[in-house]
Amino acid sequence: MTNHKRSVVTGVLVTALAAVTAACGGDATPASSAGATAAAEPVTINVHTFGAGENFGYDAAVEKWNAEHPNIQIKYSNLTDRFEDVYLPQLLQRLQAGSGAGDVVGIDEGAMGLLAARPQFFTDLGEHGLQDRKADFPAAKWETGVNADGKLFALGTDIGGMTMCYRKDLFEKAGLPTDREEVAKLWPDWNAYLEAGKKFQAATKDAKWMDGPNTIYNVILAQEAPKNGNVSYFDKSNQLVLETNPAVKTSFDWVQRFSKEGLTAKLQAFTPPWTKAIKGGGFATMGCPAWMLGVISGAAGESNKGNWDVAAVPGGTGNWGGSWLAVPKQTKHPKEAAEVLNYLTGKDGHIAAFKEAGAFPSSLPAQQDPEVAGLKNEYFNDVPTGEIFSASVKDLQPVFLGEKHAQVKTSVEKVLEGMDQGAVSYEEAWSKFTAAGVKAAG
Amino acid sequence: MTVQLAPAPRQAHRKRTPPQRRMARFDLRGVPYLLVSPYFLLFAIFGLFPLGYTLWLSLHDWELAGDKSFTGLANYTELIVDAEFWNAVFNTVGIFVLSTIPQIVLALLLANALNKRLRGRLLLRLGVLLPLVTSVVAVAVIFSGLFARDYGLFNWMLGLVGVEPIAWQNEKWSSWIAIATMIDWRWTGYNAIILLAAMQTIPKDLYEAAALDGASARVQFWKITIPMLRPTIVFVVFISTIGGLTLFTEPVMFEGNPQMTGGTTGQYQTVAMFVVEAAFRNYEMGYASAAAWLLFVLILIGTAANYWFTRRIGGSR
C-alpha cells in the first residue's frame with residue numbers, strides 16, 4: 001500500500017473515532033452550559049447514599065423539598081446497602097475519574113478520616129455560607145467534617161447512640177423477662193449479659209443469644225474507646241495503636257468469651273443469612289445504635305412487628321456509626337448542592353430522617369425539638385426512642401478514627417469471624433487479629 | 001486464504017492511475033485492512049493499553065484517589081514474599097485441579113455415552129449444554145444456597161445419614177469442593193459436546209476392525225477413542241486452564257459479600273479476588289497491578305507447560 005492510501009485509511013478511522021467521541025460527549029455539554037447560564041431552568045441535584053433497610057430515611061424530606069422548590073429538584077438514590085466494600089470504592093473511583101459521583105454524597109464515619117485527607121475532591125462548604133451552622137452540632141460531629149486544609153467539607157446527619165435490641169418472643173420462650181425495664185435490669189454490665197446469655201442458651205436450642213462477633217464487638221469498642229483517650233485503632237497522629245490500646249483488647253476479649261460459650265449464631269453482619277436470621281428469629285439480642293432500628297425493621301418486615309424491642313445497653317453509652325453529607329468538587333451545581341445539603345442536615349431534614357429511619361439527629365436544635373424528644377417507634381412496641389437516644393448521646397465522647405480506619409476495621413473483623421466460626425483457633429486469634437490490622441494499616 | 005486477488009502488475013504503479021482504478025485498488029487492498037481494523041482497534045484500546053498502563057501502575061505506590069509516587073520494583077519484591085498472595089495462588093491452582101480433573105473425566109464418559117445409539121439423542125445432547133446457558137451468577141447464587149450452613153440442601157441430605165451440618169465456607173477442602181462443583185456443573189456439558197464432536201470424526205472402520213479382532217467396548221474406548229481424542233483433550237485443558245486461573249465469580253458469590261477476602265482466613269481467595277481486594281478494598285492500585293502482572297506471568301507459564309505437553313503428544317503419535 002502506498003503512503004497516500006495508508007493516510008486515507010487512517011483518516012477514515014480517525015473520523016470514525018471522532019464521531020464516536022463526539023457522540024459520547026454530546027450529552028454532557030449542553031446540560032452543563034444550561035446550568036451555568038440560566039438559573040431559571042430546573043437543576044437536578046443527585047443525592048447518593050448507602051445503607052440497609054430504611055438507610056438515610058430521606059424519602060419524605062426529599063418529597064417535601066421537591067414540592068417547594070420547582071427550580072432545584074432532588075433525585076435521591078440509595079446506591080447500595082454496603083458501605084466499606086461497595087459504596088466507598090465506587091465513590092473513590094468516581095472522585096478520581098472526575099465524574100459520576102452525586103452532587104451530594106453520604107459518608108459513613110469509617111471513611112471520614114480517609115476523605116478528610118483528600119481535600120482536593122470536595123467543595124468548601126464555607127464558601128456557601130455553611131460555616132454559620134457550627135452552633136447546630138456537637139463539637140466532635142463538626143470537627144470531623146473539617147478536612148486536612150482546615151476547610152469545612154461535610155456536615156453531620158445522624159449519630160449512633162447505643163441501645164440493645166432484643167427478640168421479645170424468644171425471651172419469653174426462654175423464660176426471661178420481656179419488659180424493657182426488667183430486661184435492662186437483667187444486664188447492668190457485660191458480665192451480667194454473658195450470664196443471661198448462658199441462661200437463655202440452656203433453655204433454647206434453635207436460636208442463639210447473639211448474631212455473631214462483630215456487632216457486639218463494635219458496641220463494646222465504642223464504649224471502651226472514650227475510656228482510653230478517645231481512640232480506637234489509630235491515635236490522633238494517625239499512628240496504629242491497635243496492639244496497645246486497651247479498648248481494643250477488652251472488646252476482643254469479651255467477644256472471645258461470648259464465642260467460647262457458644263452464644264453466637266456465627267453470622268456475619270450485613271449479609272443475606274444475617275438478614276434472614278433477623279427475620280426468622282435466629283438470634284435474640286443485637287447491639288443497636290439508632291440507625292440499626294431502621295435496619296431491623298427493614299429486614300424483619302411487617303410480620304415481625306412487635307417482636308423486636310429496645311432496652312438499655314450493658315456498659316453504658318457509646319457511639320457507633322453516624323454519617324455526614326458532602327459536596328464533591330466535580331458537581332456542576334455547587335451552590336444548589338450546598339443548599340440541598342444545608343436542608344438535609346438542617347433541623348427539618350434531621351427530624352424527617354429520624355421519623356422515617358430511626359436515625360437519631362446529630363443536630364442539636366433537632367434533638368431539642370419536642371417532636372424528636374417525644375417520638376416513639378411504633379415498630380418496636382412504641383418504645384420512646386426520642387427519650388432513650390437523647391439520654392444516650394448526652395455525654396457522648398467523640399472517638400477519633402484514622403485515615404485507614406475502614407481498611408483496618410474490615411481486616412480485624414474478618415479474624416473475629418474466623419475465630420467465631422472455627423477457622424482461627426482461640427489461642428492464635430489475638431496474634432492474627434493484630435497482624436491483620438498491622439498489614440491493613442501498612 | 002487461498003483466494004487469488006487480482007494480479008498486481010508492476011507497471012500499474014508507474015502510470016498515473018485514474019480515480020476509478022484507484023478506488024478499485026483501494027477496494028481490493030485497503031478494505032480488508034479496514035474490515036479487520038475494528039478488532040485490532042478495540043484490542044488496542046481494551047487489551048494493549050490496559051496491559052501497558054497496568055505495568056506502569058505496578059511500578060508506583062499508587063493509591064486510589066490519593067498519593068502517587070514511583071517506587072520501581074518495590075511492589076513486586078513485596079508481593080513475592082506476601083504469604084496471602086501465595087495462598088491465593090495455591091487456592092487458584094488447587095480449585096483448578098479439583099474442578100478440571102473430574103470435569104474432563106466426566107465429560108469423556110458423558111460424550112462416550114452420547115455417542116451411542118440412544119432414544120432422544122438430540123434432546124440429551126442439548127440437555128447437557130443447558131447449564132452453559134444459565135448465567136454464572138445465577139448458578140453461583142443457587143449453589144451457594146444449596147451449600148448454605150443453616151438451610152442448605154446438601155447439609156440437609158448429610159443430616160439424613162447422621163452427619164453434622166458442615167460450614168462449607170469454613171475450611172479449604174469444603175469450600176474448594178463447593179466451588180469446584182459449581183464450575184463442573186456449568187462446564188462439563190460444554191466439554192462433553194466438544195469431545196463428542198471429535199469422537200464423531202473418528203473413522204468407524206477402526207472400531208469395526210477392532211471388533212473383528214475381538215476387542216471389547218472398554219478396550220475400544222481406551223485403545224481407539226482416547227488416543228484419537230488427545231488433541232481435543234489438550235484443547236479442552238487449555239480452555240479450562242485460562243478459565244481456572246482467572247476464577248472469580250463463583251468464589252465471590254459463594255462468599256456472599258463483596259469483601260473479596262475469600263472466607264475469613266482466605267480459604268478460597270483466588271488471585272483475581274486478591275487483585276480486586278488490593279485495588280478496590282485497600283485502594284492500593286500499584287500493588288494490585290503488580291499482582292495482576294504476576295497472574296499474567298503465571299498464565300503464560302501454565303500455557304507454556306501445556307504447549308510443551310501438546311508437542312510431546314504430537315511427537316508420540
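Heads up, the Cβ atoms here are built off N, Cα and C, so glycines get one too.
These numbers come from a predicted model, not from an experiment.
Listed features, source TrEMBL:
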DOMAIN    B:89-306  domain 'ABC transmembrane type-1'
TRANSMEM  B:31-53  transmembrane segment
TRANSMEM  B:88-110  transmembrane segment
TRANSMEM  B:122-148  transmembrane segment
TRANSMEM  B:176-198  transmembrane segment
TRANSMEM  B:228-248  transmembrane segment
TRANSMEM  B:290-309  transmembrane segment
Do any residues, 6 or more residues outside the transmembrane segment (B:31-53), come within under 8 Å Cβ-to-Cβ of it, and if so which ones? 296
Would you mind listing the long-range same-chain contacts of the transmembrane segment (B:88-110), meaning Cβ under 8 Å and 6+ residues beyond its ends? 128, 172, 176-177, 179-180, 183-184, 187-189, 191-192, 195, 226, 229, 233, 236-237, 240-241, 244-245, 247, 251, 262, 266-274, 298
Sequence-distant contacts of the transmembrane segment (B:228-248), meaning Cβ under 8 Å and at least 6 residues beyond its ends, amount to 92-93, 95-96, 99-100, 103-104, 107-108, 179, 183, 187, 191, 194-195, 198-199, 202, 206, 270-273, 276, 295, 298-299, 302-303, 306, 309-310, 313-314, 317
